[in-house]
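Below: the structure, in structure tokens.
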There are 2 protein chains.
Amino acid sequence: MYRDPVLSLQPLAGVPVAMRPLRVGMIGIGTVGSGTFRVLARNQAEIAGRAGRGIEVVMVAARNLPRAAGIVGEGVPLTDDPMHVATHPDIDVLVEVAGGTGPARDWVLAAIAHGKHVVTANKALLAEHGAEIFTAARQHGVAVAYEGAVAVSIPIVKALREGLTANRIEWVAGIINGTTNFILSKMRDEGLDFAAALAEAQALGYAEADPAFDIEGIDAAHKLTLLAANAFGTPVRFADVQVEGITTLQGADVACAEQLGFRIKLLGIARRREEGVELRVQPALVPATHLMAHVNGSMNAVMVKGDASGVTMYYGAGAGSEQTASAVIADLVDVARLDGTHAAQRVPHLGFHAHAMSDLKALPRAAVCTSHYLRVPVHSAGQIEAVAALLAGHRVPVQQMVLAAERPEAGPQVLVLTEPAPQAAIDLAVHALQASAAVAGAVTTLRVEALAG
Amino acid sequence: MYRDPVLSLQPLAGVPVAMRPLRVGMIGIGTVGSGTFRVLARNQAEIAGRAGRGIEVVMVAARNLPRAAGIVGEGVPLTDDPMHVATHPDIDVLVEVAGGTGPARDWVLAAIAHGKHVVTANKALLAEHGAEIFTAARQHGVAVAYEGAVAVSIPIVKALREGLTANRIEWVAGIINGTTNFILSKMRDEGLDFAAALAEAQALGYAEADPAFDIEGIDAAHKLTLLAANAFGTPVRFADVQVEGITTLQGADVACAEQLGFRIKLLGIARRREEGVELRVQPALVPATHLMAHVNGSMNAVMVKGDASGVTMYYGAGAGSEQTASAVIADLVDVARLDGTHAAQRVPHLGFHAHAMSDLKALPRAAVCTSHYLRVPVHSAGQIEAVAALLAGHRVPVQQMVLAAERPEAGPQVLVLTEPAPQAAIDLAVHALQASAAVAGAVTTLRVEALAG
């Protein structure tokens with residue numbers, strides 16, 4: 001790879017030396033790619049003023065060449081061969097914004113082998129192949145940057161890897177999928193059930209025609225995987241995440257949670273414990289007074305608890321072309337500020353140097369211990385006593401127990417907030433409730449997350 | 001300065017090469033200094049795993065040596081001569097956490113002249129002498145890092161200088177003083193007046209015995225100065241900030257704002273306009289549904305609007321020993337990751353390279369144009385008509401006008417929300433109101449900030 005001698009010799013001058021622009025090859029010119037191209041062009045003076053040099057897209061690979069030509073205009077060579085861009089001698093950095101995992105993995109590994117830095121917004125790629133990609137990057141001394149893969153415009157990877165380096169991170173909790181947060185906000189604000197809220201999200205373009213990745217929690221799990229690795233210095237391991245989406249969430253529970261002073265959010269949670277790391281994506285009750293409860297619509301937020309910093313939170317858009325481009329370009333500026341020195345890999349890919357990575361294991365579901373919300377349909381209001389007796393018999397400590405005020409037409413419902421209890425105890429109690437003559441239908445359980453300091 | 005040849009040759013290896021620790025000299029071992037010392041010791045393995053090398057305090061200057069010895073223990077040389085530490089050949093970085101401006105300026109400039117990097121949490125020093133200090137640092141090729149000077153544990157300098165580099169920043173708005181936010185939260189939650197809330201803050205240790213710096217907005221103005229410079233690439237100019245504290249804020253206005261659906265926060269606002277930059281610190285009404293309205297107690301938050309990113313927000317503790325240490329140590333890790341290469345000044349001190357700095361002028365108060373809240377005491381409720389007529393006569397467009405529901409014992413009060421209007425128009429209208437026979441007492445005005453995308 002070309003190393004800029006001017007930058008190597010005078011990186012400290014802060015004067016307008018004529019530095020060669022950083023040359024970018026881009027694979028994919030869809031939503032994120034076109035946003036990146038547009039923002040780089042619009043803010044080029046400002047970006048160069050910050051980076052100390054220009055950043056230029058010199059080559060683009062796209063499937064639909066006429067469409068791509070309409071976006072990038074004259075003067076930028078186009079190809080339909082991504083590998084041509086990934087390995088081209090004229091590029092310093094590959095921006096991979098095509099998505100997908102198989103071919104993207106090949107392009108990224110080829111670029112790394114050719115000494116190119118890589119910037120990607122592809123969370124699935126890194127969640128599944130991150131270990132292999134980061135190892136290759138380390139061997140070849142290049143950066144693989146992925147701020148746009150985690151929380152759109154929010155610089156949370158930077159916060160974890162650089163801003164909070166003093167801390168032993170205790171937990172990270174995030175609303176990290178804009179589509180599901182939009183749907184949950186609609187369910188609450190307008191009393192819609194899940195299907196109606198999803199349809200509205202699709203009509204407004206907040207949800208894909210095939211929304212499975214979002215509503216089943218997979219997208220959030222991909223992002224959580226990267227957050228957890230950076231927080232704890234653990235390997236990227238998507239397969240270990242307990243994933244639960246919002247497809248079975250009922251409007252009744254949104255309303256009943258409200259009655260108890262909570263809102264339901266799809267949270268990605270990574271928590272370090274003595275025995276290992278909890279990694280889970282699930283709809284959970286958050287206190288209505290908590291800042292996370294006020295993250296509405298398609299917005300995202302990530303909360304981090306460090307032992308020195310205390311709680312910090314990072315909030316921003318959960319989707320969007322230029323919003324994601326903001327993160328992609330920030331990564332390019334990071335590379336531009338160092339490419340040409342021997343320190344391009346200044347920050348380890350996952351925050352910690354390889355020798356300091358931890359092998360903390362992911363904990364199984366049964367080991368997770370939180371408070372729970374239970375909604376128990378009963379035949380008559382008086383049977384709240386029977387529910388209480390049964391929970392006491394299973395040593396599930398109860399914090400609060402009331403009858404649902406909402407939707408009386410559905411019959412009496414006992415709402416329970418438990419104290420923190422192991423999942424195994426909750427499961428046994430729910431089995432027993434389900435078998436009890438007092439209980440008139442399926443018992444619903446959701447976790448309660450205090451997200452307190 | 002010593003340059004580590006191992007690091008220079010193999011910064012990319014990510015393997016446990018035996019790298020010399022970064023050697024820190026510290027001036028001041030008070031709240032922030034002792035927190036920094038404690039966290040560095042407690043989390044040393046984790047910090048070294050991230051930085052790629054250890055970070056060691058090798059020397060401390062303090063006024064009270066016995067007290068200092070009680071904190072740092074055996075093995076760390078102490079001196080009562082700060083200049084001895086600032087210029088000592090055995091240190092790589094000076095951590096200045098003593099505070100004050102005159103002597104601190106001398107120590108920092110001496111350290112820079114001796115080729116030391118500087119990390120400081122001293123906002124007053126940088127707000128007043130930043131231009132001189134950053135120029136010297138550029139000439140000597142060293143870093144001057146100051147994350148701990150702006151928003152305690154929140155990595156907002158990093159977000160502005162590195163995370164949002166793609167953007168043309170439109171505005172920054174922050175709750176950046178923990179003491180005043182604590183007082184305002186008390187006034188609202190408990191209906192206290194300012195004096196009572198201040199006394200409670202002092203009793204709980206949230207306010208100094210002499211709280212002037214906080215409650216008069218000076219501390220927030222120092223921080224705003226640094227935020228604005230990093231957002232817009234403008235010089236540090238504390239003298240240009242319009243500063244208004246909360247000392248004259250009345251409980252009645254907190255209650256009346258609530259009636260209108262707003263909360264009062266002390267905001268530091270920097271907004272870029274065609275003609276220049278607004279720089280102001282003032283108590284202002286924020287919509288009660290806005291996330292910033294839910295930043296309570298001694299917490300801080302900064303909201304940034306970028307043209308690509310949209311709105312992002314950063315939230316965390318507004319005070320605290322280890323909370324500030326978190327930022328100081330993050331700066332040390334940044335230095336550790338690059339010291340020994342020729343790129344220690346990777347990121348320009350104020351985000352932009354010197355040649356790309358802008359000379360956008362600060363706008364005068366009269367040019368600021370926002371919505372306003374007015375509370376107008378009148379002799380009888382019917383005189384709301386007279387107030388309306390007078391405002392119309394002065395071409396102040398009114399959004400909403402109602403009678404105060406709160407504190408009827410104070411007599412009828414007309415509450416007005418105006419549409420955005422130039423300050424000059426508001427001033428004239430208030431003068432006229434004050435002279436009107438309908439008006440029974442002093443008219444109160446406060447800005448309204450929508451903080452919308």
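Any Cβ shown, glycine's included, is placed from N, Cα and C.
Cβ neighbours of B:Gly33 (NADP(+) binding site) (same chain, under 8 Å, six or more residues apart in sequence): B:Met26, B:Val60, B:Ala62, B:Val95, B:Val97, B:Ala98. B:Gly33 (NADP(+) binding site) falls within a helix when secondary structure is assigned with DSSP. Per TrEMBL, NADP(+) binding site is recorded for B:Ile27, B:Gly28, B:Ile29, B:Gly30, B:Thr31, B:Val32, B:Gly33, B:Ser34.
The domain 'Aspartate/homoserine dehydrogenase NAD-binding' annotation in TrEMBL covers B:28-147.
Remark: B:Lys123 (NADPH binding site) has B:Tyr146, B:Ala149, B:Val150, B:Asp219, B:His222, B:Lys223, B:Leu226 as non-local neighbours, by Cβ distance under 8 Å and separation of at least 6 in sequence. Annotation source TrEMBL lists NADPH binding site at B:Lys123.
If you look up TrEMBL, you'll see B:155-333 marked as domain 'Homoserine dehydrogenase catalytic'.
All protein chains included, B:Glu208 (L-homoserine binding site) registers 13 other Cβ atoms within 10 Å of its own Cβ. The feature L-homoserine binding site is assigned by TrEMBL to B:Glu208.
Annotation comment: TrEMBL describes B:Lys223 as active site, proton donor. For B:Lys223 (active site, proton donor), the number of other Cβ atoms no farther than 10 Å from its own Cβ, over all displayed protein chains, is 25.
Taken residue by residue with DSSP, B:Lys123 (NADPH binding site) is part of a helix. Mean model confidence of the domain 'Aspartate/homoserine dehydrogenase NAD-binding' (B:28-147) amounts to 96 (pLDDT, 0 to 100 scale). Of the recorded residues, B:Gly28 (NADP(+) binding site) and B:Glu208 (L-homoserine binding site) place their C-alpha atoms 18 Å from one another. Counting other Cβ atoms within 10 Å of each Cβ, the binding-site residues B:Thr31, B:Ser34 show the lowest value at B:Thr31.
When each of the binding-site residues B:Gly28, B:Gly30 is scored by how many other Cβ atoms sit within 10 Å of its Cβ, B:Gly30 comes out lowest. Taking the mean position of the Cβ atoms of B:Ile27, B:Gly28, B:Ile29, B:Gly30, B:Thr31, B:Val32, B:Gly33, B:Ser34 as the NADP(+) site, the remaining residues of that chain whose Cβ falls within 8 Å of it are B:Met26, B:Gly35, B:Thr36, B:Ala62, B:Val97, B:Ala98. Across the structure, B:Val32 (NADP(+) binding site) and B:Glu208 (L-homoserine binding site) are spaced 15 Å apart at their Cα atoms. Taking the Cβ of B:Ile27 (NADP(+) binding site) as reference, residues of its chain lying under 8 Å away and at least six apart in sequence are, in sequence order, B:Val60, B:Ala61, B:Pro82, B:Val85, B:Ala86, B:Leu94, B:Val95, B:Glu96, B:Val97, B:Ala98, B:Ala104, B:Trp107. Of all Cβ atoms in the protein chains displayed, 28 besides its own lie within 10 Å of the Cβ of B:Ile29 (NADP(+) binding site).
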